[in-house]
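Colleague: Take this structure, written in structure tokens, and hold onto it; I'll ask about it next.
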Amino acid sequence: MALRSLIADARRLVVKVGSSLVTDDGRGLDQAAIARWAAQIAALRAAGKEVVLVSSGAIAEGMQRLGWTRRPKEIHELQAAAAVGQMGLAQVYESEFARHGIRTAQVLLTHGDLADRERYLNARSTLLTLLGLGVVPIINENDTVVTDEIKFGDNDTLGALVTNLIEGDALIILTDQRGLYTADPRKHPDARFVDEAQAGAPELEAMAGGAGSSIGKGGMLTKIVAAKRAAKSGAHTVIASGREADVLARLAGGEAIGTQLRAPTGRMAARKQWMIDHLQLRGRVVLDAGAVDKLTAGGKSLLPIGVTEVQGEFARGEVISCVDTAGREVARGLTNYSAAEARLIARKASSEIEAVLGYVSAAELVHRDNLVLL
């Protein structure tokens, strides 16, 4: 089945709109533009689709309300701008969707919400309940309280995480560019447009450039990585220009617009997807070549004897990274032992665990049922 048919038939969509598409060149929110997005999403809703909107714009709106002309560099100033701007962003979306008889809900997420399994499931339940009630959730990172999200995060990644969270059928990333090119077309006039590719293809990241403006955070690379992440749950991604007239309606109608990134066939198990979606891990273990081979080729559990080094501090039950001696991540899994315990039993046979610790929680450091290969 062609990708555009899958987009057309998708029941649950996640739409991410960038700062440049909802602000007046960074000078606060562009209410007319937001009105157009509300109208397009209302049309999708009328066609029977569920839509979750991931919207940038809070910091830009906060800057305008505070009279700032340049994006500040200090984290506390960015947090202040986000706090002020989030009020305006929610108000404008609420009023514009109300014109179409649609209620909206503001949902602010942090990495911690998605890293903790219980909070992850609660967030999923809330979002699915909102969709069932006919509400359009409008999601943003909680920039006001989480410094890492402002400093390192972006809403492209958040869009992919939300797609996986709700098991969306497709992620649509709208930007001020036509889509993906083999090079930055603003610097390389001979750059070729990429209309279709497989999400996660190594050559895609090599094509991507840096951030495009001082207002937003996400460059094309973040969109490529977001598509790769969304593909793990079986969701396709479209990167398209939000300047195209009625772009959402046309995509939903099956028209091939922008760069369409196909997801490989199949959907990863929900718990394994949750492990992959951890952006920040508190620890990792270095494996010898034999352990790497048994994990990747043999489908075996990770035993303490295959661990050469334990890095970071983590508790039992946390997600940890498993890397080879070159530092390449090969797997992630739920550990049966804390970092302190793992250091004591590293390079030891499972039969020696009780003699070392005085007890045995499990014969494996990570059981294969709690392990996901990367």
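Glycine too: its Cβ is placed from the backbone N, Cα and C atoms.
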Colleague: Which of K16, K348 does Swiss-Prot put in the same ATP site as T175, D176?
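Modeller: That ATP site, as Swiss-Prot gives it, pairs T175, D176 with K16.
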Colleague: Roughly how wide, in whole Å, is the group S56, D143, N155 that binds substrate, by largest Cα to Cα distance?
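Modeller: Farthest-apart Cα atoms in S56, D143, N155 are separated by 11 Å.
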Colleague: In whole Å, note down how far the CA of K16 (ATP binding site) lies from the CA of D143 (substrate binding site).
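Modeller: Roughly 17 Å, rounded to the nearest whole number.
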Colleague: In the predicted model, what is the mean pLDDT computed over the domain 'PUA' (282-360)?
Modeller: 95
Colleague: Taking the Cβ of S56 (substrate binding site) as the centre, how many other Cβ atoms fall within a 10 Å radius?
Modeller: 26
Colleague: Are there binding-site residues among K16, T175, D176 that sit within 10 Å of S56 (substrate binding site), Cα to Cα? If so, list them; otherwise say none.
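Modeller: Among K16, T175, D176, the ones whose Cα sits within 10 Å of that of S56 (substrate binding site) are K16.
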Colleague: Take the C-alpha atoms of N155 (substrate binding site) and K16 (ATP binding site) and report the distance between them in angstrom, rounded.
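Modeller: Given the Cα positions, N155 (substrate binding site) is 7 Å from K16 (ATP binding site).
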Colleague: Please state whether DSSP places T175 (ATP binding site) in a helix, a strand or coil.
Modeller: strand
